[in-house]
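Asks: My structure is below; once you've seen it, I'll send some questions.
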Amino acid sequence: MNKLNFVILCLAALLVFDATAQQDVHGPFQGQRQNEFDLMFVKEIFKNHNSNVVLSPFSVKILLTLIYEASDTSFGNAVSNTKRELSSVIQNDNIDHTRSYYKQLLESAQQDNKDYDLNIATNFFVDDFIEVINKYQQIANTHYHAMLEKVSYSNPTQTAATINNWVSEHTNGRLREIVTPDSLEGAVITLVNVIYFKGLWTYPFPEVANNVKPFYGTRGKPTNAQYMEQNGQFYYDNSADLGAQILRLPYRGNKLAMYFILPNPDNTVNQVLDRINSASLHQALWYMEENEVNVTLPKFKFDFSEQLNEPLQQVGIREIFSQNASLPLLARGRGARDEVRVSRIFQKAGITINELGSEAYAATEIQLVNKFGGDGVQIFNANRPFIFFIEDETLGTMLFAGKIENPVF
């Protein structure tokens, strides 16, 4: 029986907020966002869950881009179906632009900043008998800051511990387990990306003990939630096109911000999601202006994990999971070259939001296998389900996204 050779993709993300008051001199990103895939992927996940969700579309996309890089071919100008499909879905038509984009973002994330912690890291955990092709190693390291570590999948307990320890280290201990020994059965390569963010609100909320009020979930029955409140000048818009209010809360450091999309009382989260696409969201964010806003938000803290194979197939990424997968630049060695496919993509994420700020984290894993085997004071009262996302505003990159159906803190 042939050994199954898996490539696993794992993602992890973490977000934490704290704050000391500081002037917000940095407004929303005004350029063209590259978020078509992000929104399509997020909407696919959201529609399958009637509960709280948090995930990192960025973490998924960077690993899929690394798989895209491996789908290149040395046979003249031929383009494999694997590469064509990935390019179409994740919008990698210009690979030089894509590489420059990731390199710029990752180098920016590595800069020391006293106002926030942002850590993005990618690692290949490769079986001893697999040799990753030098050209691919150079591409992965130079443009995506990806590192490589040799492990022995014949000892899955030790390898799982190695991977989990790496994830824990890069998320400040918030994520302790992304793989288990059983989940590594047949694996030859595991690609892991982690993203960790701990930020301070530019304008922290006053801490008030036991500020408990009703939260009206989709089922109509109110539950109690702990709220935080403040008045201040914030970027805000009530979008008629989306049928929702949009609020921006910046973090210290003039780099990142959190956006909240609150459906109007006569709309639901799903109805707003149906109206959101790259163009409509860009327009809604463009129309945001500084207003005096009375902000009421629930505090929340939760983790979320999801197998991503099915959602990704629903948005058009199918070939990497099939017997027809073509990843010739990834590796060579016994049972590797032209004989690997992606078996599993998995993400685990978490988020904490309170008066001081937020903490969020996510890890994504990909496993490859042998393929043979306004006017006046605005009121923003988030006492009903809403959507949120955290953006790196230097490039308009959506790092985290989620929805709240029942705030638990």
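Yeah, the Cβs are placed from backbone N, Cα and C, and that goes for glycine too.
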Asks: For the record in Swiss-Prot, which of the ranges 76-80, 341-345, 356-360 is the motif 'Hinge region' one?
Replies: 356-360
Asks: Could you state the CA-to-CA distance between Asn324 (N-linked glycosylation site) and Asn294 (N-linked glycosylation site) to the nearest Å?
Replies: 55
Asks: Does Asn294 (N-linked glycosylation site) have same-chain partners at least 6 apart in sequence with Cβ under 8 Å from its own Cβ, and which are they?
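Replies: Same-chain residues close to Asn294 (N-linked glycosylation site) (Cβ under 8 Å, separated by 6 or more) are Glu229, Asn231, Val377, Gln378, Ile379, Phe380, Asn381.
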Asks: Mind giving me a neighbour count for Asn324 (N-linked glycosylation site)? Other Cβ atoms within 10 Å of its Cβ, every protein chain shown.
Replies: 13
Asks: Take the motif 'Hinge region' (356-360) and count its residues per DSSP category (helix H/G/I, strand E/B, coil), listing them in that order.
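Replies: Output for the motif 'Hinge region' (356-360) reads 0 helix, 4 strand, 1 coil.
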Asks: Please report the DSSP secondary structure of Asn294 (N-linked glycosylation site), reduced to three states.
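Replies: In three-state terms, Asn294 (N-linked glycosylation site) counts as strand.
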